[in-house]
Amino acid sequence: MFRAQQNAFDDAVAKATDENLTSENWEYILDVCDKVGAEESGAKDAVAAMIKRLAHRNANVQLYTLELANALAQNCGPKIHRELASRSFTDALLRLANDRNTHQQVKSKILERMQEWTEMFASNPDFGIMEQAYMKLKTQNPNLQPPSKPGKREITDADRQKEEEELQMALALSIREKATIAPAPQAEASSSAAPVNQTQAPAATSQAVPSGTSAATVSRVRALFDFQPSEPGELQFRKGDVIAVLESVYKDWWKGSLRGQTGIFPLNYVEKLPDPTVEELQREAQMEADVFGQIKNVEKLLTLLSTRSSELNVQDNEEITALYHSTLAIRPKLIELIGKYSQKKDEFTQLNEKFIKARRDYESLLEASMAHPAQSQYGRPAQPPYGYPGAAPVGYPQGPPQADPQRYFSPRPQETQAPPANAPAFYGTEQAHAYPPTSQSPDPRQTPPAGAPYQQPQPQQQRQPSSESYQPVYHRPESTYENPQELGTSVYDSPVEHPASQRPPYPGAVQVPAAVQQHFQQQQQQPQQQSQQPHPEYPASGYTPEDASRPPAHQAQPPYPSHQPPPMHQPPPVPGTSTTPTPYPALNAGGGYQAYNPSQTDVSNPASFYR
């Protein structure tokens with residue numbers, strides 16, 4: 001006789017929690033929220049309709065109902081809060097959570113939502129029923145709480161060996177699957193007629209990671225609980241996050257990457273996810289194509305809404321209404337794509353930071369290696385063997401080649417090539433040489449440009465006679481000046497002002513044997529006239545007392561003679577009246593050393609530098 005009153009929210013709630021939905025449909029959820037706010041008894045009727053949907057045996061319906069209740073709690077104010085905290089709704093939640101046939105994910109979702117609502121209703125003591133129900137559920141189902149973190153135990157060699165075996169087994173299975181991929185389409189065609197049950201929970205294919213599972217066979221895991229790091233190096237995540245597995249670090253801890261961050265996480269907080277199949281990848285690609293295909297409709301809707309008059313009734317305009325509903329349907333997919341590509345953006349950002357750091361480290365190492373090259377003899381010309389007329393040292397201008405092989409003496413100054421005025425500076429300003437330049441390397445300090453007037457040398461410098469005053473010899477005197485000058489300096493260490501006895505020994509100086517020194521002393525005791533006369537085979541070299549009265553010749557410094565036949569005529573006169581000898585005797589091939597014997601006059605000894 002009396003019929004039950006029809007609930008106006010049954011259809012709207014059933015539509016928002018349809019079991020055939022692949023995800024939460026926010027269009028239908030917002031419609032329920034708007035309807036609850038528009039009606040006086042909307043909150044009570046909506047909660048009554050949701051209690052009916054919680055009794056449904058499909059896990060998807062139960063999950064969608066919990067999401068609808070959470071959306072109402074966040075958008076509809078105190079009215080819906082009072083109904084959600086009522087005894088009828090909390091008892092329905094406890095019955096569903098304590099049912100042994102309820103899926104584990106649904107139980108976890110109930111506990112999670114009740115915790116959120118307890119915190120949301122904490123300011124109002126009238127809603128204490130929700131807190132009581134939450135504490136009761138925690139007591140009756142302790143396994144729903146986030147587990148305690150396992151200890152960090154080092155991985156043993158046996159664990160490493162087991163991980164390697166699992167990896168090899170996974171590779172073998174992958175190769176076997178690829179080998180049997182050809183008959184696979186026929187099997188799929190034969191089984192396509194069988195109906196497929198799509199009412200299972202979305203996480204039915206996922207399973208918790210067992211303690212002995214290695215990271216070699218798992219690439220992705222999903223978080224079951226929120227995890228807050230308590231030590232440095234741990235990865236923070238929220239429930240539902242998908243973590244990319246990198247490697248095993250401890251016995252029950254893996255290393256993973258999430259939103260650009262890398263760290264370790266406990267295995268009892270996550271569940272293993274299988275790798276996406278070809279069908280799943282195609283489904284994701286189709287979803288992205290649907291979202292991008294609605295871009296034109298969204299732009300068209302914005303254009304119509306911006307150009308229409310404010311007096312236009314939007315509800316009467318069928319075009320605007322159709323565009324609105326078609327674009328609103330892509331909102332859940334759009335939110336999912338935003339989360340997906342946000343995670344990829346974080347991963348690429350982290351990869352870019354690692355690449356930049358690696359590039360900076362490489363460049364710093366490269367600059368450090370280039371800043372310390374191999375040691376080289378900068379400024380020191382390569383010394384040719386004694387007695388061999390080698391090429392000119394590095395840093396000295398190359399003298400002109402001699403055209404006549406029978407010509408013994410150096411050409412006149414006008415025959416030599418003067419260096420250009422803008423020629424680069426040579427190494428060092430006042431260098432002391434361990435041996436004189438060869439015949440093809442004139443001293444640049446004594447070679448002024450052609451045609452330049454004679455310039456008086458500086459007082460602190462030693463006056464250098466022209467090379468025309470040198471007579472070729474085949475004997476090198478023993479030098480007592482042991483310390484060679486450093487390159488690139490402007491101070492000349494005079495052996496006269498600083499005798500060898502007052503200077504520290506040069507570590508690189510060559511010690512002359514005693515027999516050779518005795519031989520040199522015997523040669524120095526010979527008569528003076530014998531040293532002044534040219535040798536029948538090897539002419540002597542040096543100055544004579546009569547050279548001091550001769551007028552100076554041209555100031556150019558021609559190349560020194562090398563090993564050539566004996567002279568056919570007398571050498572040119574000696575220029576200048578300087579009493580200071582040159583520290584650069586000529587070096588020629590052949591024979592042993594023969595020192596110059598000084599004359600018994602008041603003139604200073606030219607060979608004083610070599611004693």
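A Cβ is built for glycine as well, from the same backbone N, Cα and C atoms used for every other residue.
Here Swiss-Prot flags 16-145 as domain 'VHS', drawing on sequence analysis. What Swiss-Prot lists as region 'Disordered' is 140-163, 182-211, 373-611. Marked as compositional bias 'Basic and acidic residues' by Swiss-Prot: 151-163. Per Swiss-Prot, the feature domain 'UIM' maps to 162-181; the stated evidence is a curator's inference. Look at Swiss-Prot and you will find 182-195, 388-397, 452-472, 509-534 tagged as compositional bias 'Low complexity'. According to Swiss-Prot, the compositional bias 'Polar residues' annotation covers 196-211, 480-492, 596-611. Residues or ranges marked as domain 'SH3' by Swiss-Prot on the basis of sequence analysis: 216-275. Annotation comment: Swiss-Prot describes 558-575 as compositional bias 'Pro residues'.
Each residue in the domain 'VHS' (16-145) gets a DSSP state, and the totals come to 99 helix, 0 strand, 31 coil.
Computed over the domain 'SH3' (216-275), the whole-number mean pLDDT of the model equals 82. Per DSSP, the secondary structure of the domain 'SH3' (216-275) breaks down as 3 helix, 31 strand, 26 coil.
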